[in-house]
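Asker: Submitted below is the structure of interest, expressed as structure tokens.
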Amino acid sequence: MDSNPGADQAVAPIVEQALRTAMSAGWEVRGTTSPNPPVGAVIISTSGEIVGTGATQPVGGVHAEVQALADAAGKTEGATAVVTLEPCRHTGRTGPCTQALIEAGIKDVLFLHSDPNPSAGGGEQVLVDAGINVVQLPSPEGVPDALIPWLKSVQLRRPHVTLKFAQTIDGFTAAADGTSQWITGEMARDYVHADREHRDAIIIGTGTALIDNPSLTARYPDGTQREHQPRRVVIGRRNIADAGDAASNLNRLGFEQYATIDEALAELYATGARDVLVEGGAGLASGFANQGLVDWLQVYQAPLLLGEGISVLAHPLTNTLKGASALCPRAASGAGR
């Protein structure tokens, strides 16, 4: 076993290409695999060619390694498997991926992340005991990693939370009269819908539900619905089911309501959600932030000035600069206005 991320095999061009391909495959299935992780896998033949690619299928379907092995049928003996997550060793709805790799005659297994799940982890040692060379790879630069939210969720025993909001350049999410449509442009809104498709749930507060009457669906620019739809979740004590026309879209499409943030996150995690998007409003955003429950921020900033208006957070987090929450920027890009 060689768990040194700097091993020569880890930096071979074909291995880096295979890892990037595997990460891309995992990225594409985000939102469709929970509670299982969105894993990608690639098979490299003995001649050094990529001959199989796979990704985790929805619950009950095959795991990434099994799909990649099937894609590489007849070319797996002595081959190398490159996987974004340590292969599982447990039997659930499907058999252990370690056994599938062993039976396929795989010689080397290169993986990116260790599996923190006690029931599934430990696959590395199973493979080593079977005589397979195992190497843990370093993360390549500039490649989105679909597993980060899932890994964080397993660690925290709650869904990974991204707080999303749009704001003017002076920090307001709506004007003083309450108008907010639209701070951002069409390109940004299209991106939001594409992102929603890859989330397990979209969360809003009762105020947003009653004021905006949102659908919380993932749609294409022409208005048609995308293939995967996240769960629609409302947090708060006002009864949305009895709100009539004020919340007609949610009542037509169906939604879940929980009284508190803690109750919502506990039930969402228990029922398989691992990656959720909080879309507002200011009171709910404050609640998540004050409880230290925001893992990522997704901010759309428009080149607009208001001077006054409704802030992102309804309640302060601190009254001193020393108490401010320090953030670590991950990426920035343009998305129109």
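Every residue gets a Cβ built from N, Cα and C, even glycine.
Below, the features straight out of Swiss-Prot:
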type     : residues                                         : note
ACT_SITE : Glu65                                            : active site, proton donor
BINDING  : His63, Cys88, Cys97                              : Zn(2+) binding site
BINDING  : Ala166, 173-176, Trp182, Thr208, Asp212, 281-287 : NADP(+) binding site
BINDING  : Ser180, Arg196, Leu216, Arg219, Glu279           : substrate binding site
DOMAIN   : 13-124                                           : domain 'CMP/dCMP-type deaminase'
REGION   : 1-157                                            : region 'Deaminase'
REGION   : 158-337                                          : region 'Reductase'
Asker: I'd like the number of other C-beta atoms within 10 A of the C-beta of Leu216 (substrate binding site), please.
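Answerer: For Leu216 (substrate binding site), the count of other Cβ atoms within 10 Å is 24.
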Asker: Which whole-number mean pLDDT does the model give the domain 'CMP/dCMP-type deaminase' (13-124)?
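Answerer: 94, rounded to a whole number.
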Asker: Per residue, counting other C-beta atoms within 10 angstroms of the C-beta, which of the binding-site residues Cys88, Cys97, Ala174, Ala176, Ala285 reaches the highest number?
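Answerer: That would be Cys97, with the most Cβ atoms nearby.
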Asker: How many whole Å apart are the CA atoms of Ala176 (NADP(+) binding site) and Glu279 (substrate binding site)?
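Answerer: About 20 Å separates the two Cα atoms.
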Asker: Using a Cβ-Cβ cut-off under 8 angstroms and a sequence gap of six or more, which residues of the chain neighbour Glu279 (substrate binding site)?
Answerer: Lys164, Phe165, Ile202, Ile203, Ile204, Thr208, Leu216
Asker: Of all the recorded positions given, namely Glu65, Cys97, Gly281, Gly283, Ala285, which is spatially nearest to Ser180 (substrate binding site) at the Cα level?
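Answerer: Out of the listed candidates, the nearest Cα belongs to Gly281.
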Asker: Within 10 Å of the Cβ of Ala166 (NADP(+) binding site), how many other Cβ atoms are there?
Answerer: 24
Asker: Using a 10 Å cut-off on Cβ-Cβ distances across all protein chains shown, tell me which of the binding-site residues (Gly281, Gly283, Gly287) has the largest neighbour count.
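Answerer: Top count of Cβ atoms within 10 Å goes to Gly281.
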Asker: Can you count the other CB atoms that lie within 10 A of the CB of His63 (Zn(2+) binding site)?
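Answerer: Excluding its own Cβ, His63 (Zn(2+) binding site) sees 28 Cβ atoms within 10 Å.
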Asker: Going by Cα-Cα distance, which of the binding-site residues (Ala174, Arg219, Gly281, Gly287) sits nearest to Glu65 (active site, proton donor)?
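Answerer: Result: the closest of the binding-site residues to Glu65 (active site, proton donor) is Arg219.
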Asker: Counting all other Cβ atoms within 10 Å across every protein chain shown, which of the binding-site residues Arg196, Arg219 scores highest?
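Answerer: Sorting the candidates by Cβ neighbours within 10 Å, the top entry is Arg196.
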Asker: Taking the Cα of Gly287 (NADP(+) binding site) as the centre, which of the binding-site residues listed as His63, Cys88, Cys97, Arg196, Arg219 lie within 10 Å of it?
Answerer: none
Asker: Provide, as an integer number of angstrom, the distance between the C-alpha atoms of Cys88 (Zn(2+) binding site) and Ala174 (NADP(+) binding site).
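Answerer: That separation, Cα to Cα, works out to 47 Å.
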Asker: Quick one: of the binding-site residues Cys97, Arg196, Arg219, which has its CA closest to the CA of Gly281 (NADP(+) binding site)?
Answerer: Arg196
Asker: Could you state the CA-to-CA distance between Ala174 (NADP(+) binding site) and Arg196 (substrate binding site) to the nearest Å?
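Answerer: Their Cα atoms are separated by 22 Å.
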